[in-house]
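In TrEMBL this protein carries:
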TRANSMEM  16-35  transmembrane segment
TRANSMEM  55-73  transmembrane segment
TRANSMEM  85-109  transmembrane segment
TRANSMEM  130-154  transmembrane segment
TRANSMEM  160-181  transmembrane segment
TRANSMEM  193-219  transmembrane segment
TRANSMEM  239-257  transmembrane segment
TRANSMEM  277-304  transmembrane segment
TRANSMEM  405-427  transmembrane segment
TRANSMEM  434-456  transmembrane segment
TRANSMEM  514-538  transmembrane segment
Amino acid sequence: MCEDLAGADSLHIADYAVFVLMLLVSATIGLYYAWIGRSQQNTQEFLTGGRKLTALPVSLSLTASDLSSIILISIPVEVYRYGAIIGYACFRYFLAQVFTCEIFLPVFYRLPITSTFQYLELRYNKVTRLLVTFLAIIRLLLSGLAIYAPALALNQVTGWNLWVVIVVTGMVCTAYCALGGMKAVVWTDVFQVGIMLAGLLCVISKCLFLEGGVSILSNSQQGGRLNFLDFDLNPLRRHTFWTISIGGTLGWTMTSGTSQTQVQRYNSCKSITHARIAVFISVVSYSLFLGSAVFSGLCLYSFYKDCDPWTAGKISFSDQLLPYLVMDILKSYPGLPGLFLAAVYSGTLSTVSSIINTLAAVTLEELIKPNVTLTDRQLLHISRTLSTYLICSQFQFGCLSQARIIMGGVSGSPMFGLFVLGILCPFANSTGGLFGLAFGFAASLFVSLGSMLSYADPEMTRPLSLSTEGCNFTIPGSLNWTTDLPTQMNSFTMAQVQDGATHLLTRNWHSPSYLYFSVIGFITTVIVGAIVSLYTVAPSLMLMKEDMLSYHLFKLIKCKVSAVA
């Protein structure tokens, strides 16, 4: 079924029209809220919508901030290569939202704060707050991959200029982030969620028409893609029910419960009841999206089961598979390829707008307000300027995808552990918090770097087989389907890399599932922080044995017994 596509020449003017319309509507929403909000006098209105938003739009905005274009492209590829077991992510997302509603949401909603890191100063001290803020800003800045990755994935398939698309994305984000504030971000997310769902459904509908639902499931079963019954307890396995349920739940709780992006959204609700409803509605919408993405991965496999375009050299890397399928099956329907491209970039816009709004809030509340005395009107202008500047800064970090992944795993779980320690451990103090943060950071860094340098055992990752037996053309060169590397990298080079890595580290010892990286950093932070706090807390603030009547009674009885003896 693989065939050569003409890139941009395959696109109809209707495809460009749909894509441009999506960008115009997104920018118009921002301009609308900039116009009706021109009388905004403070940053609270700009950054949190004045706490006047209702549950439904906020729930869809929560979903949009979780569903980046990276997920829309990579989940189908994950199913294509490793099977549909990733669908258990719906379960982990539900558990994460339960923990968020019961533990974190009440605390953050009750406090008069814009940034989650303000809590750290209230609970610990200013040093802890500034240190975590610094780590969070670096982590967010490295999220420029949200712009770069989908642009790169679509570049070869569509022929669109990479940097032109990136600049246009940034300009549209500027229009509604810097001008409209949180209200514009939320309502633009609502529009973009609809576009993302429509893009996925048009791909699924066409595949159902061509292949048939029963045929897709049958082919997926024969190809080993319906691998839901994997309950292996081995923590080195990449994906099993347990790694997704345990590691995935903690990772999503970290994002949903304490990330500035999510907290800023549910804090924009008019009441805590609306905030809770928004969180649980987001479970339904997220599950719908994830289910659609998983099924589109099954469609992808059913369509290319006999001629894998990646192994065949028709595309450069695996994340181009779904865009390739779209251009393959929808190019004769003007407007539908454009709808899918609009869906991918809707995911990009929603993610980038979330990052920018978050960075503006964190920078203003953590670095500017505590050090400079300004009026609310001046602070509002600074917020808008920051939104514009921070969008531009995203372009500088697009190629550092490896750094972004490391920072996400290394910094996220220790920060989450610090929040949990503060909320659930009354005796935790700033000394324990800082020691816990440092040890958690070291532990997560160790396992992350260890995993990158160690040999990836196929028995642990278990990539599924791909075939080119049905291709009706000559395959240029060969590609190892277990490794996501460019087609031009020969087998000799790959062998050198793997042999070198094997000598650096023990074969499996440093390679737990990547979903457990956050668990390791989190547990280390909480345990070390709790122990150090117990040993460093002022004695006058703790219950001592001398305070208890039972201690003195026991001591008296012991003395009497000793005297008699």
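Using N, Cα and C of the backbone, Cβ positions are placed for all residues, glycine too.
Stretch with the largest number of CB pairs closer than 8 A to the transmembrane segment (514-538), among 55-73, 85-109, 193-219, 239-257, 277-304: 239-257.
By the Cβ criterion (under 8 Å, sequence separation of 6 or more), the transmembrane segment (277-304) is not in contact with the transmembrane segment (16-35), since fewer than 3 such pairs are found.
Simply put, out of 16-35, 55-73, 239-257, 239-257 has the most Cβ pairs sitting under 8 Å from the transmembrane segment (85-109). Listed by sequence, the residues of this chain that lie at least six past the ends of the transmembrane segment (239-257) yet keep a Cβ under 8 A from its Cβ atoms are 66, 82-83, 85-86, 88-89, 91-93, 95-97, 99-100, 103-105, 228, 230-233, 263, 279, 412-413, 415-416, 419, 513, 515-519, 522.
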